[in-house]
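A.B. asks: Annotations per TrEMBL:
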{"type": "BINDING", "residues": "His118, His122, Asp128", "note": "Zn(2+) binding site"}
Amino acid sequence: MRVLIRNQQRRPVDRQWLRRIARRAIEVERGARGAELSVLLTGDDMIRDLNRRYRGADAATDVLAFPQEEGEGASAESLPQAGEMLLGDVVISVEAAARQAAEQGHSLDRELGLLLVHGILHLLGWDDSTPRQRRRMMERGREVVDSL
């Protein structure tokens, strides 16, 4: 499984930790090992621009997911168990992650991991449009991060 990480901001991040998180999230959800994922670590200005351009929301956010598959994300049927498949891109604002980590009283690495899992779940077809769905996604993120 390939996890490509591009850091476009100044704060150092543990790329190996993020790769482990990504691999674990995909394995837990689908058992797929032949997937490829791109992760962009950026700041509030860039993620706000992307949010405005692609979602019509003129505000910074913490994480965005852009699935390779058309629609909401890869379905269980479209994600192969073997072979290489590009899942899509996850974009994380490290500035937002740092603020949220401070608010929650945990490390930046943990918050980045939680946001990465959240983005991956969107790529795999999870939805968080209701409070219940959002809670389920947050619980799954904690389970994945805590398993490492």
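Quick reminder: no glycine exception, Cβ is built from N, Cα and C everywhere.
Keep in mind the model is a prediction, meaning the values are calculated, not measured.
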A.B. asks: Count the Cβ atoms, other than its own, that fall within 10 Å of the Cβ of His118 (Zn(2+) binding site), considering every protein chain shown.
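C.D. replies: Result for His118 (Zn(2+) binding site): 23 other Cβ atoms within 10 Å.
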A.B. asks: Sort out the sequence-distant neighbours of Asp128 (Zn(2+) binding site) for me: same chain, 6+ apart, CB within less than 8 Å of its CB, listed by position.
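C.D. replies: Once residues fewer than 6 apart are set aside, Asp128 (Zn(2+) binding site) is near His118, His122, Arg134, Met137.
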A.B. asks: Once the chains shown are all counted, how many other Cβ atoms turn up within 10 Å of the Cβ of His122 (Zn(2+) binding site)?
C.D. replies: 22
A.B. asks: I want to verify one value. Collapsing DSSP to three states, which class is His122 (Zn(2+) binding site)?
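C.D. replies: Looking at the DSSP assignment, His122 (Zn(2+) binding site) belongs to a helix.
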A.B. asks: Give me the sequence-ordered set of same-chain residues, not including His118, His122, Asp128, with a C-beta within 8 angstroms of the centroid of the Zn(2+) site's C-beta atoms.
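C.D. replies: These residues sit around the Zn(2+) site: Val63, Ala65, Gly119, Leu121, Trp126, Asp127, Arg134, Met137.
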